[in-house]
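Worksheet for the structure shown next.
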């Protein structure tokens, strides 16, 4: 039996394919927007940001890193209930308001 014949018999269900297609953008967005681990060097923590809206119920904490010698722009990092961290795009109007309020306090 050839390998092609074996793989023809292993067809995933349409529901499974649809689920994979629906989850793929979310996984890519979260992994691409993850803050880099800090190793003490003077650089921005957030290399890539996410502009997608995240429901406030999913966020456990927000951290604002002010602009300074390490990075020219303020950074907004959300920690989600599942423990993952996402760098949020500070140009999104909602996130601009959050940064302004946090920097004023």
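Every residue gets a Cβ built from N, Cα and C, even glycine.
For the residues 43, 61, Swiss-Prot attaches the annotation phosphoserine to 61, which does not rule out the feature elsewhere. The DSSP secondary structure for residue 87 (disulfide bond) is strand.
Under the DSSP three-state reduction, residue 46 (disulfide bond) is assigned to coil, being neither helix nor strand.
With a 10 A radius on its CB, residue 61 (phosphoserine) counts 9 other CB atoms from all the protein chains.
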